[in-house]
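What follows is one structure encoded as structure tokens, with my remarks underneath.
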Amino acid sequence: MPEESTQPIAPAEATPAAAATINEETNKRKNRGQTSKERREHARKRIMIRNQERQKEEEQPRERSESSEPRRPKRKVALLIGFCGSGYQGMQVNPNAKTIEGELFKALCQAGAVSAENSTDQGKIQLQRAARTDKGVHAAGQVVSLKMIVEEPDIISKLNKHLPAQIRAWDFVRVVRSFNAKTACDSRVYEYMLPTYVFMPPSEKCMEVAKNVKFDERQVPETTEEEIRAKREYRVSAEMLEYVRKAFEKYQGTHDYRNFTVTKGCTANNSKRHIHWFTVSDPMIIQGCEWLSLKVKGQSFMLHQIRKMVGLIILMARTNVPLRLIDVIFDCARINVPKAPGLGLLLERPVFDGYNRRVSSQKLATSNQVTFEPYQKEIDAFKQKYIYDNITETEMKEAVFDIWVKNTEVFPEQYLYINQDCVIPESTLVVPGEESIRPPPQSIGKDKDALSSEDEEDTKDD
């Protein structure tokens, strides 16, 4: 078999000097005893050749197709939006998923705020959200930073024409070129709408099923019309309301929230979070049912953190467990805290106090403060029609919270840490990365992920 030729083949477009250099360097590679000086010289020449080739390419005139649109300048902006998350699989764009970002990017392209050249990849316009929201979660105020074409004065009106009614753009604000909605955001304010009947004592019917039926054979019993009526007519007592308020206040400050998120990617080094405040409103009657508005402000939140914070307090309040259990859970090994339904959760607004102070102090001519205040009247009307009404009507039709509560009663094994002694049984501990005890899929009913401790979602902060 003949030997392969060792003579290098110079590129067709290479100059004679470049070809000679390549030949010389190829011969040098045959000798493995190169000195450091020779290797440095070799690297220098390779860089020089690449630079020459790159310069030659850049000097070639670019051909513009007849159908190509004229280039229009883009500006870095903070786009202020709101949305009802029902029917969407979260905020962040995902392949083959219906998401808020996907809908928004499509509308931006259709409205002319994004050029056709950049319409295939939202990374080209540096699109970044201030906070991620899960499947079905809403936002009265959300901020998206991007590079946008803003020449037309009615660009927001055009954008809204291409958006579904449940997604609205309030306005855009010019910002500095380095602005990133996620990193510039100081904190986030979330609201959770909660029907008070979830604090009713455990159902004897469900407890009988849990006690007498094998785990794999259990079925969540149907709620009768009489039981539904009793839940709708339930009114929280002053003592229960005081307990709930004190319980949510326990979250304030800096704590380790490793038990309030998924196990994947969560360690002792990245699970501490700071909560500024957590408030509970006075009860309000909506369509005959009593509700509470919970509001929390924190620097950032981990995946499912708020829903798990709410879920724990519901279980504790129903059995009047001592509040010190919360402190125990902050410090104990991994357990499964159930996440309350996503139906009640909404992002009220991201906060940009630090950035706004900088803009105000430096008096930047091309940048404005990022705030929702000028649009609050529109936002409140949208929130009532598309978010609050959606939450309450869905609950009235589907009894989402009733299903969630019954599942915790029929499958209590993983929640045995809800006890008067505040002791964490070994049987409730979860091995990170492994599934915890969970009910059979057919028993969950409408809220199929009611008791699931793990989800196939990313674990980045909101």
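Yeah, the Cβs are placed from backbone N, Cα and C, and that goes for glycine too.
Please treat TrEMBL annotations as automatic predictions, because they have not gone through curation.
What TrEMBL says about this protein:
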type     : residues : note
REGION   : 1-74     : region 'Disordered'
COMPBIAS : 8-24     : compositional bias 'Low complexity'
COMPBIAS : 51-71    : compositional bias 'Basic and acidic residues'
BINDING  : TYR190   : substrate binding site
DOMAIN   : 247-353  : domain 'Pseudouridine synthase I TruA alpha/beta'
REGION   : 432-462  : region 'Disordered'
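Using a 10 Å radius centred on the Cβ of TYR190 (substrate binding site) and all shown protein chains, the other Cβ atoms total 24. In the three-state DSSP assignment, the secondary structure recorded for TYR190 (substrate binding site) is strand.
Within the model, the domain 'Pseudouridine synthase I TruA alpha/beta' (247-353) shows a mean pLDDT value of 94, rounded to a whole number. Helix, strand and coil residue tallies for the domain 'Pseudouridine synthase I TruA alpha/beta' (247-353), in that order: 33 helix, 34 strand, 40 coil [DSSP].
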